[in-house]
Each structure stands twice: as structure tokens, then as C-alpha cells.
């Protein structure tokens, strides 16, 4: 059990380190006023959100199945950035520091797609 907890913490740390280097920044807690996206029924319930630069988005997995948020490389994202697997009721927050369009998927369920448009 400890090994599983350690592996999850290591994955979260790795994702945070990768995100902090660019336009995306993983944050430990959702900042006040962050935009929420629920994960339910095998989809991101709000498939596209629009926010201002410097704002954050928080994803909450409401299902029993684990899901994640995986940003695909493209403008503003030098390489793919894969967030940790979220179990039921876990959250993942990302602050967006630069304008752009950021597409993402759920790695184990690539038909689950979303987009963050930062103005």
C-alpha cells in the first residue's frame, strides 16, 4: 500500500515539475474562483472552458473509474504533459499563465476530450 501511495505522489510531483516550466502550472490547491470541470459519465462535463490568463481550472473526478488530464503538445505546450490519475473525488488544478488554446484528453480514454481557451 505504501508503494502505491509513493508511486502516486511521485507521478503527481513529476507532472507538477513538467507543468511549472511553461505556460501551464500545476497547483496544489484550487485557487479561489477557479473554473471547475467535472469528470462524469466518461466525459469532461464542460468540454470547453474560457478563462483569463493567470486563472486556473480544477478537474474533479466524480466516477469510480480513474481518469486524468493529458495536455497534448502544441502551441504553448512544448511536450505532452500528463497529470496524475485521479480516483473518485480527487482533483487536479492547473493555472494557465499565457493566452492560447490548450487541448487535452484522458490518457486511458482518449475519446474523452476537452479544451481550455485562455484569453
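Using the three backbone atoms N, Cα and C, a Cβ is placed for every residue, glycine included.
Under the heading signal peptide, Swiss-Prot lists 1-20, citing experimental evidence as support.
Sequence annotations record features per position, and here Swiss-Prot assigns domain 'Plastocyanin-like' to 21-119. Residue counts of the domain 'Plastocyanin-like' (21-119) by helix, strand and coil are 0 helix, 53 strand, 46 coil (DSSP-based).
Within its own chain, residue 106 (Cu cation binding site) has 39, 44, 67, 68, 69, 70, 112 as residues 6 or more apart in sequence whose C-beta sits under 8 angstroms from its own. The annotation Cu cation binding site is assigned in Swiss-Prot to 67, 106, 109, 112 on the grounds of similarity to another entry.
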Same chain, 6+ residues apart, C-beta under 8 Å of the C-beta of residue 109 (Cu cation binding site), given in sequence order: 42, 67
Other CB atoms, at most 10 A from the CB of residue 67 (Cu cation binding site): 26
